[in-house]
Amino acid sequence: LETPGEEVDNRSLEEILSSIPPPPPPAMASEAGAPRLMITHIVNQNFKSCAGEKILGPFHKRFSCIIGPNGSGKSNVIDSMLFVFGYRAQKIRSKKLSVLIHNSDEHKDIQSCTVEVHFQKIIDKEGDDYEVIPNSNFCVSRTAYRDNTSVYHISGKKRTFKDVGNLLRSHGIDLDHNRFLILQGEVEQIAMMKPKGQTEHDEGMLEYLEDIIGCGRLNEPIKVLCRRVEILNENRGEKLNRVKMVEKEKDAVEGEKNIAIEFLTLEKEMFKKKNHVCQYYIYDLQKRIDEMKTQKEKIHEDTKEITEKSNMLSNEMKAKNSAVKDIEKKLHKATKFIEENKEKFRQLDLEDVQVREKLKHATSKAKKLEKQLQKDKEKVEELKSIPAKSKTIINETTTKSSSLEKEKEKEEKKLKEVMDSLKQETQGLQKEKEDQEKELMGFNKSVNEARSKMEVAQSELDIYLSRHNTAVSQLSKAKETLITASETLKERKAAIGEINTKLPQTQQELKEKEKELQKLTQEEINLKSLVHDLFQKVEEAKSSLAMNRSRGKVLDAIIQEKKSGRIPGIYGRLGDLGAIDEKYDIAISSCCHALDYIVVDSIDTAQECVNFLKRHNIGVATFIGLDKMTVWAKKMAKIQTPENTPRLFDLVKAKNEEIRQAFYFALRDTLVADNLDQATRVAYQKDRRWRVVTLQGQIIEQSGTMTGGGSKVMRGRMGSSVIVEISEEEVNKMESQLQKHSKQARRIQEQKVQHEERVVKLRHSEREMRNTLEKFAASIQGLSDQEEYLTVQIKELEANVLTTAPDKKKQKLLEENVSAFKKEYDAVAEKAGKVEAEVKRLHDTIIEINNRKLKAQQNKLDMINKQLDECASAITKAQVAIKTADRNLIKAQDSVVRTEKEIKDTEKETNDLKAELKAIEDKAEEVIKKTNAAEESLPEIQKEHRNLLQELKVIQENEHALQKDALSIKLKLEQIDGHIAEHNSKIKYWQKEISKIKLHPIEDNPVETVSVLSPEDLEAIKNPDSITNQIAILEAQCHEMKPNLGAIAEYKKKEELYLQRVAELDKITSERDNFRQAYEDLRKQRLNEFMAGFYIITNKLKENYQMLTLGGDAELELVDSLDPFSEGIMFSVRPPKKSWKKIFNLSGGEKTLSSLALVFALHHYKPTPLYFMDEIDAALDFKNVSIVAFYIYEQTKNAQFIIISLRNNMFEISDRLIGIYKTYNITKSVAVNPKEIASKGLC
């Protein structure tokens, strides 16, 4: 339902809707007389080019211009305001804050700078007058220090940047989008934004307008609600499927439930009768047991005399056994002494071998060390000769390097002479080039003047024709829009009709293809399962055939005799007649040598096989006769083992019970352990020793000896499945069947892929048709309204074209004036072009002369430098060789000393080993003497032991005679006990049968208990067989029914689950509908808010651009007219007398005018009290500068504009001039009121 890592907003609908903020209120009213914010003055203290305290202002309430020469510090005024408003140092054209502190020759080591911006709220009055709102004055300041830290103050109190930002935003200063701020070169970028941001964090025209209009606050809630609706739809679909599935399962079980209830009714009657019969049998058996117990008490009286005689013989037996134990201890002690001495001798023998090996190794080592000493001495002599050779190389190379240095000085002098000669050669060409460049500068001045006259004449003509051209353009555009709307309306109505026809057909075909795809999928699963099983069988058959072929010649000959029928009783090799898990392969291969024995039916068959092998001289083999294996049948039962370790025999799977007996003969009670530690624990138990093998093939015998292990282990002597005799023809037949089904599976898979592709296409087509149908149906009404509106608008525009028609005579006069100026411009431009071409030719000639003569001499000098580098490298290598030889000589001498020491140590070791060998030989001689003495005294002890055993045998024979009599009596008792036990067993059986009887509840009826009959009732039963017959009839009826008793509980469970699933579906459906309605309402609210603001802004933009360009046109277009948020907003402009263009294709001046028109339109929609603009008129000609200046002065009377400008058309119209000038590296300012000066006649 949700992608991994996705965070889903799980808030309730009420919480999501309540978290949406209300539409932002306007920062200030656009009506006259409304209060607004203005800057009174700015105080700079040691900020950038200002030293000490400098006051800028006072600023006018409407239009102030900052003027001054380049480099005087005009832009620092903007920087000071940016500094206070919290911008980073890089935005203020500095790398860090400390750079903002003033630094000049007169003022050094200043530790801080401060900027204060003073604000007040006013109400405009007539002219330049205004009323200050009481207590509205406040001052925001920021101080930066040398350590790049800064602090903020509001009206003298220390505050954080967040407090400053909140205060300025509350008064309408847009710090988030910087609409109040247009820096140098940034005016064009406003209108050049992309229609829509390309990424989540990118901002395009759509996002820019959304933030201003205020509907951007709805974006996140819409996304949250959309995602929640998607998740709820997916959850609801899942719940609906579950309801349908449970309902289907419930209906399917109902029939079986009814049969089960009928069955339980019959079973209840049968159990009641069975209960009566079982109680009768228990009662009858108990009577017989009581009679046998009386008989048993009489026999016990006859056993007392035999018991007394047995006790006497038992005491005598104990005495003799004690004597036997004493003599056995003495015998054991003598035997143990002999064994210990033999073991000592074996140990000494082993030590003797080890010492002799060490002695041999020491002798060999001494010879090797002698050879190594000789090599080390030769190496010392070689290293002593290296320094002399290296010094000879250094002397020769140093001499060669000195001669090359002298040659280098000569070549460098030659290079300098060549360079001096080139300078004199090109002197005349340089003079001629400078004269031509001076002439070109004069021509350029004439070209600029001619171009200016031509553009002024063209502007006058454009202004005169602008109203008529605008009217004609609007009429043409309205007609084109009407045609487009009518055609679109007609096309969409036709498309709706076509979709309504095709959609049902597509849906029907999709259902059919989905059914066929489901059928093919099931068929593919079945075929793949069949192919997989066949493949395994073929592989097993091939493996069996290969194993049969790889048998030895003896086994092969015996099997051949079996197949021919000459010796019919042969089964085969024992390992091939059984199977074991691959985990135990190594264990059984290591511990069971009998796996290669050949199994036959009898000893006679085995003898026939032996005779056959001898007769044909094939070899020998060991045989197992199954007729002799029956003795092991009783021991094959499961046994209790230490730590429940598995018995290897129990893990073997054999063909039949007879073969299992042969495997027990081969394995007996051998256990298999995981590792050697467990095997050791299991093998040595107190009461018994076990034969144990590990999974790694290590074996512990019952005697305690351990074998196996090592790097090579035995494996593969027994397979994981019983080998079946199979012919090559059968294998071929199975392979043919496998190929047939594999081919069929591939064909089904290809059909499935084709159907899947078709289903995907049909689903996509159905979805596309549904989306298109919804989209077209929604747009029909809008297109109809647009068609009616445009018909009325065209009539109005046709009347407007007639009223704005120009005077033909005046138009012709202006056009002739433009043509005359153009001819004058073309003539001057042609002369300037010829002079410019001559300057380029002279420049190229000078460059070519320099390159030709300088190259050869430079190559000679480079070759000498290369040889000097090679000499230096050779000297360095020789010096390194001298140093290395000294170090290596010390190492070689150390090696000689070390080798001589090792030779001495080896001689000492050899002597020590010879002495040790002599000591071992002496100890061995003493051990042999002690062993011989003990063996001489052993026969006398053994004779005494045999006499005691003979006496013990006589006592045992007497005891056996008594035991025979006791056994006869015991057998009688056991016979009686056997009958009693048998009757008790039958009683337990019938009691168990009664305990099994449980009367099941039928539907909601209470559970009945089983009745207990009294002795009188049981005696009254004369014929239990008739009840048994009735039970048999009822059992037959029940057996024929074959009900599913679980169907009752399953039906109840399904019914409960069905009701639960329906309740869950209703709940999630209601929740989904609420979220979907809220989602649609928010989308409509966002669209309505955006389009209301958008129409106001685009209409004002059109009006502003027409006014600024005197006839041009501009508008904000929806890229997708049906959904403004899908593709964004495109800014299109039609400059005067030009076609419609995208903003990116305009000239610099046209982009500036377009951007300013948009800025003033946004100001009209959402007024901002302050605007700071830095040289926004840089790309405009004098006419457009005047138009922009008059517009600012006349149309924006409800805001304060502070503009940096160098164009007199701009600053002469302003209400207040702030002059900036710099003397002695310090910026100063002066405020002038132009109107006041003009009124006094001072200008």
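Every residue number used here counts from 1 along the chain in the order it is shown.
Cβ coordinates are placed from backbone N, Cα and C, and glycine is handled just like the others.
Marked as region 'Disordered' by Swiss-Prot: 1-30.
Mapped onto three states, the DSSP output places LYS74 (ATP binding site) in coil. Per Swiss-Prot, the feature ATP binding site maps to GLY68, PRO69, ASN70, GLY71, SER72, GLY73, LYS74, SER75.
Here Swiss-Prot flags SER98 (among others) as phosphoserine. In the three-state DSSP assignment, the secondary structure recorded for SER98 (phosphoserine) is helix. The local packing around SER98 (phosphoserine), expressed as other Cβ atoms within 10 Å of its Cβ over all shown chains, amounts to 19.
If you look up Swiss-Prot, you'll see 225-546 (among others) marked as coiled coil.
Close to LYS336 (N6-acetyllysine) in the fold, though at least 6 residues off in sequence, lies no residue with a CB less than 8 Å from its CB. Taken from Swiss-Prot, the feature N6-acetyllysine applies to LYS336 (among others).
The average pLDDT computed over the domain 'SMC hinge' (568-682) stands at 87. The domain 'SMC hinge' annotation in Swiss-Prot covers 568-682.
According to its DSSP assignment, LYS634 (N6-acetyllysine) is helical. Residues or ranges marked as N6-acetyllysine in Swiss-Prot: LYS634 (among others).
Annotation comment: Swiss-Prot describes 721-975 (among others) as coiled coil.
DSSP assigns SER937 (phosphoserine) to a helix in the three-state reduction. Taken from Swiss-Prot, the feature phosphoserine applies to SER937 (among others).
The phosphoserine annotation in Swiss-Prot covers SER1011 (among others) and is backed by similarity to another entry. SER1011 (phosphoserine) falls outside any helix or strand according to DSSP and counts as coil.
Tertiary neighbourhood of the coiled coil (1062-1090): same-chain residues 13, 16-17, 20, 23, 209-210, 213-215, 218-219, 221-222, 225-226, 228-229, 232-233, 235-236, 239-240, 242-243, 1124-1125, selected by CB-CB distance under 8 Å and a gap of 6+ residues from either end. Per Swiss-Prot, the feature coiled coil maps to 1062-1090 (among others).
Annotated pair GLY73 (ATP binding site) and SER98 (phosphoserine), C-alpha to C-alpha distance, rounded: 18 Å. Each residue contributes its Cα atom, and for SER937 (phosphoserine) and ASN70 (ATP binding site) these two points are 133 Å apart. If you measure from the Cα atom of GLY68 (ATP binding site) to that of LYS634 (N6-acetyllysine), you get 122 Å. Separating the Cα atoms of GLY71 (ATP binding site) and SER98 (phosphoserine) is a whole-number distance of 21 Å. Each residue contributes its Cα atom, and for SER1011 (phosphoserine) and SER75 (ATP binding site) those atoms are 112 Å apart. Across the domain 'SMC hinge' (568-682), DSSP assigns 66 helix, 18 strand, 31 coil. Listed in sequence order, TYR1221 are the same-chain residues six or more apart from PRO69 (ATP binding site) with CB atoms under 8 A from its CB. Ranking the recorded positions ASN70, SER1011 by the number of CB atoms within 10 A of their own CB puts SER1011 at the top. Of the chain residues outside the ATP site list GLY68, PRO69, ASN70, GLY71, SER72, GLY73, LYS74, SER75, ILE1220, LYS1222, THR1227 have their Cβ within 8 Å of the site's Cβ mean position. Figure note: comparing Cβ neighbours within 10 Å for the recorded positions LYS74, LYS634, the maximum is reached by LYS74. The Cβ of SER937 has fewer other Cβ atoms within 10 Å than any other of the recorded positions SER72, SER75, SER937. DSSP assigns GLY68 (ATP binding site) to coil, not to a helix or a strand. Rounded to a whole number, the C-alpha distance linking LYS74 (ATP binding site) with SER98 (phosphoserine) is 20 angstrom.
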